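J.: First the structure, which I've put down as structure tokens, then a few questions once you've had a look.
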Amino acid sequence: MADMGMFHALGQNDDPNDPNSRHNVAPPHFRAQPAPPPAGYQQAGAPSFVGQQPQPQYGLPPQPSPYQQQQSPHGAPPPSISPYPPPQQHSPYGPPQNAYGPPQQQHGGYDPVGGLAQQMSQVDLMSQQVGTVSKAFKKKGRAYHQLDQSPDAMGGGPNMPPFSPNVGDNLQPGFLMHQQQSMVSPMTPGGTQFPMQAGPNFMPQHPGSSGVSSTGGKIDPLLIPSIPAARDRAIEHFRTTVFPTNSRLAPPNASSDFIAIDQQNASPRICRLTMNAVPTTAEVLNMTHLPLALQIQPLAKPKPGEEPIPVLDFGEMGPPRCRRCRTYINPFMTFVAGGSKFQCNMCLFPNNEVPSEYYSPIDMSGGRMDREQRPELMRGTVEFVVPKEYWVKKYDSLPPADGKGGYPMRYLFLIDATEGAINRGSLEATVAGIREALYGESAYEDVAEGEVSEDGTKRRLPEGCKVSICTFDKEVHFYNLNPSLDQAQMVVMPDIEEPFLPFQEGLFVDPYESRSVIEHLLDNLPSFFVHLKNPEPALLPALTAALSALEKTGGKIICSLSTLPTWGPNRLVLREDTKIYGTDKEKTLFKTEQVAWRMVAGKMVEAGVGVDFFMTPSAYIDLAAIGHVAATTGGETFFYPNFVKERDSKKLADELCHTFHRATGYQALMKVRCSNGLQVTAYHGNFFQTGVSSADVEFSNIDEDKAVAVMFSHDGKLDPKLDAHFQSALLYTTKSGERRVRCSNVVAAVTEQVRDVVRWADQDAVLGVMAREAASRMIEKPLKEIRGALTEKCVEILAAYRKHCSSASGNPPGQLILPESLKEFSMYVLALLKCRGFRGGSVSSDLRVHSMRMLKAMSALELQLYLYPRIIPIHNMADNDGFAEPSGHLKLPAAMRASFAFAEEGGVYLVDNGQYLLLWLHSQVSPNLLVDLFGEGYDNLAALDPKMHQLPVLQTALNAQVRNIIQFLASQRCSRKVSLQLARQGLDGAEYEFAQALVEDRNNDERSYVDWLVHVHKYIQLEMSGQRKKDEGIGAGIDMAAGMAGLRPHYW
Ligand SMILES: [Zn+2]
């Protein structure tokens, strides 16, 4: 696997004439490094299965059944033509003959897509390649990159494997070498950056969408772009291939589980530009209607197999920076004057002195001779230890004695101990989560920052980190956890009008030193409060008290809450008002006007204190007001409406444990710099910003799961001979109390051509930015307007492509032509319109606000799944599905498209949207399947326990396959942990979630996918013919959206 040794090896065979060619000649193992296998899958043929009959036992149900003669392993209808995916050879469970014809059965309440094809009769869907090679790119003396390449150099032409450009290229042995040799040019000493211009054949057709056309006046809906097919291809591709970040390939599909090799350019896991070819001017950008933005997840956790982020210490000198614009040293700075000066890649200032400690002679190519030993010149993302001027400067007595510039992290658990928390079991679940976080076995599985103490104690928490435990009902209770005590001493703070800290000594302790005291307390907390049972929590006083405990050091509050805090000063009231749903006033429910709550949030930012909430309400809880504190401080709200103790406790405990241990920085400040000619216009995410125009954002806390978006605009013209550069710098305190700056550098080509911008657009980033922007507007604009603006944006982008890129290619005007890079874009936009945050109809404000704040912080992968879930059929798996392949990777069955038309009778599906994991079971499911999955005695749906959250461990192949798949899905999760929830057809409320998850169908107050494409296409045609008047509008919201056009960014 990748290690530092490999990193150095990348430069060993450099062409002496090309300082950047080190990645051109990579060691052999670099080219086809497979993703590491997820460990621990139960193997097929493992001893436990000896003597077990393998699969097709479901074909013999115990009693005669209408499905039994169908050779079905699970009691299925007759095999027939599979719409998608191609049926497995031995799958006897083919879907209905015509999934889009009249439904063969009534599927209670669902709306299959059937019948809608007629509406497509005038429409000709065609996904096609991006235009032809532009000669405009033939420029001499290009300083940094060269876009001209023959198609063959990118593997275009007939040998190009049928992968989407989003999944990179297949780096066959020899291929990379050929490609890179062709790029080495004496005229381009700086080497080339991606992307490069590829020939018309570079964009291969997707098998799932190529050749889509009208036949007999009808469209085959099966051939519209398929998200599951694109994902499955991407996953498959990156099992045998890595993603080298300077490969000039479009970044991988976020769901592809790729391994990135950092070659000067930051990994797409950390930084994604909406376009990897940036237009020279605002005019060209406006023609594309795409946002120019960067989605950044600065602390994203490297995948197993990826190299850790190097931490560099330049001592008192600090990392070298541009004197003029303060950009940090990075691989794209050029050293001149014999190595004594360097030129900035952002502002081009040429006269930066190289400090004598940092001097190195340069070789004939102009590169520093020591560059291969300098990670800051070789890697896109590095971390610098910062000198004293960046240390935390608050209160003269600080910074602390250990000399790293900040305090080791302090955690304060603030536990709701009211009647509701006790009755619903969330107090017990919270306590279990804390115990797991501090002392559980899983807390040590993945020791990233921890160590082993001198006394042999394994500790995942870095030395110096401390914890405190408080509880609250209508009072706040502190606990003295001093290790010398036999048991914790509770100190009640009855004065909630003016909360204060009753004592200092023993409030924060080392959890390993005080283990017996803490464990005793956790053991007794639930039973202690059983006798008190105060119904009303005084949350704001509790938060104020917690803040005063952390005021001087900063830190993190992990707070549970089970009910609306109706006690004490600044208590909240039930202000949910269903009568204003759907009106202009609805947005008032999404924010808080309570000054005290906003003030506490502001003070927490000042102190560097973040809050994560774990909410388990049974009714309205005013998530808008309470969650505001979490969102402003860079925290997160975990929301469990309808918390069921037996089913949800494990999930809550797991997620609490995760928030405690995930990589977290605090007292953080982020600044993004960009090339001359561009400027930062806005940030979108969960953080604190002092003013609208502020160039920096502050995070009390920022963790590995959080991403933000930064918007740019042109304030000048970019030089097409140079690249566009971006650098994000996050100054923060690590858990162990060290002040550092994490720098990530991204580079993009500069182009004068609209088609290049679109060709190199990154669908995941565009969606992430649009979702964040839309979520940011929820408190200002009515939802109807936001939906209108999203629709408008989708039409504008696709129409612009049609107008500027594909009109000259001889495509009939009646065809809908989608850019290859944004092929699934329209489906994702539809899914965005259907998500809880934005959908029409009645949705409680708690759910909407929760969705909005999640959207603002989600990683690219989480957003994809949240919008369009992964649906995996498990009733017709091949024998080797769900088991590890020889490479160690789990073989997955092809995912199902999110439409009920594809759901098979008797079928069973895992539905993963990154938040929940449903197991949907058709009412006609085979009894044999149920017994194999759940055990003896469970041969009908009614016998299953609706509160189960995991599968039993059985000695059947099916059970092992499904548990393996669930384990795989769990390995893909970020902040939300996997917990199984049953959705039995006709029995469970969770079936409603399943229905909503089928986003290709008409539901959630929106159209079906096919209807949506018809709709979008209609407006594109109007736009093309110049007949579309914006004020006639798409839906009701469009005229208002047009009215927002003057606001920044330009499409609002
Ligand atoms: Zn500069």
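Cβ from N, Cα, C; glycine included.
Since we're looking at a predicted model, the values are computed, not measured.
The following feature annotations were taken from TrEMBL:
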- 1-115: region 'Disordered' (REGION)
- 40-58: compositional bias 'Low complexity' (COMPBIAS)
- 75-95: compositional bias 'Pro residues' (COMPBIAS)
- 141-165: region 'Disordered' (REGION)
- 319-358: domain 'Zinc finger Sec23/Sec24-type' (DOMAIN)
- 408-658: domain 'Sec23/Sec24 trunk' (DOMAIN)
- 665-751: domain 'Sec23/Sec24 beta-sandwich' (DOMAIN)
- 762-863: domain 'Sec23/Sec24 helical' (DOMAIN)
- 891-965: domain 'Gelsolin-like' (DOMAIN)
J.: List, by number or range, the same-chain residues at least 6 past the domain 'Zinc finger Sec23/Sec24-type' (319-358) whose CB is under 8 A from its CB atoms?
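T.: Contacts with the domain 'Zinc finger Sec23/Sec24-type' (319-358): 144, 190, 264, 312, 366-368, 376-380, 384, 386, 673-676, 723, 725, 727, 729, 741, 743, 745, 747.
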J.: Find the member of 408-658, 665-751, 762-863 that has more C-beta pairs under 8 Å to the domain 'Gelsolin-like' (891-965) than any other listed stretch.
T.: 408-658
J.: Per DSSP, what is the residue tally for the domain 'Gelsolin-like' (891-965) in helix, strand and coil?
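T.: Helix, strand and coil residues of the domain 'Gelsolin-like' (891-965) number 23 helix, 11 strand, 41 coil.
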J.: Counting by DSSP secondary structure, give me helix, strand and coil numbers for the domain 'Sec23/Sec24 helical' (762-863).
T.: 72 helix, 4 strand, 26 coil
J.: Looking at the domain 'Gelsolin-like' (891-965) alone, can you tell me the average pLDDT?
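T.: Averaging the confidence scores along the domain 'Gelsolin-like' (891-965) gives 96.
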J.: For the domain 'Sec23/Sec24 beta-sandwich' (665-751), what are the DSSP-based totals of helix, strand and coil residues?
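T.: Here the numbers are 0 helix, 57 strand, 30 coil.
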